[in-house]
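*Asks:* Dropping a structure here in structure tokens format, bear with me for questions.
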Amino acid sequence: MKILKYEDEKYEVLVQNNVFIKDKKSGEYYKNSLNSLSDKQLLRFKMYKEKVSPKFFYLFLSFTALMFILNYIHLIKLQNGLSSVFYGWKMWIIIVIYFIMNIVLHELGHIYSLKFFGKNFDKVGFKLNFYVFPAFYVQLNETYMLSRNEKIIVHLFGLFINYLLINTLELINQFTFSSEALTMAFMLFSSTLLWNLIPILNSDGYKILLAFLSLDEYSRFKTNHWLVLTIQIIGIGLAVNSVVHWILYIVN
């Protein structure tokens, strides 16, 4: 089915696999099945024109995948050859600055990719996923009113910015500065990005997977699709496992 859109002063509605409704007054979002719309109602809808072509979308995915593969290959080589010792406070300063810069640019990537599609973010914040794992986040409720491909781009763009930046910096570093501190920062942040790609713990990988499969996460646990439930259970298991290990480490 083609992507359809309807908008008036009260509501914004997008139709793709499901019916997504934004109540402009309350700021609430709703999701209904396709059969909730009558043929008469569908006559009021217009074709939704995506801002990026399918060709550009797949080119974007391919380039991001290539950056990830090259990053991972280089990371494995470095892990086999670089010393794991942290040399003094200067290295720690570089690593901290490296992380802060990448975290800020990551969230800006989400924000400005959403703005590119004519939508706005809700808020930026800090939270504990499953009450254990710390994470910065940008609330992107307006992605509900984007097409599937556009949602994927928004959720992936933070990672795209990170891989583009750290791969470029590491390439320059290898041929010029040969700074072990920069390489160590590259290794640590690359490992962090791997966790963000794995579709668990409310990661970007998790949001990309849900967008790809046209699924959503609901606040009521039992309402969710079995795949979402499985991922949530794995997340709870990881959280419990981490807490137990931290307690054992402190006690011992």
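Cβ coordinates come from backbone N, Cα and C, glycine included.
Below are the features I grabbed from Swiss-Prot:
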- 56-76: transmembrane segment (TRANSMEM)
- 85-105: transmembrane segment (TRANSMEM)
- H106, H110: Zn(2+) binding site (BINDING)
- E107: active site (ACT_SITE)
- 152-172: transmembrane segment (TRANSMEM)
- 181-201: transmembrane segment (TRANSMEM)
- 231-251: transmembrane segment (TRANSMEM)
*Asks:* When only pairs 6 or more apart in sequence are counted, do the transmembrane segment (85-105) and the transmembrane segment (231-251) reach 3 or more Cβ pairs under 8 Å?
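*Replies:* The answer is no, given that the two segments have fewer than 3 Cβ pairs within the 8 Å cut-off.
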*Asks:* Report the same-chain neighbours of H110 (Zn(2+) binding site): residues 6+ apart in sequence with Cβ closer than 8 Å to its Cβ, ordered by sequence.
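*Replies:* Non-local contacts for H110 (Zn(2+) binding site): F121, V138, L140, V154, H155, F157, G158.
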*Asks:* How many other Cβ atoms are found within 10 Å of the Cβ atom of the residue listed as 'active site', counting all protein chains shown?
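*Replies:* So the number of other Cβ atoms within 10 Å of the residue listed as 'active site' is 17.
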*Asks:* In terms of Cβ proximity under 8 Å, which residues at least six beyond the ends of the transmembrane segment (56-76) contact it?
*Replies:* 149, 152-153, 156, 159-160, 163-164, 166-167, 170, 186-187, 190-191, 193-194, 197
*Asks:* I want to check the contact list for H106 (Zn(2+) binding site): same chain, sequence separation of six or more, C-beta distance under 8 angstroms. What comes out?
*Replies:* G158, L159, I161, N162
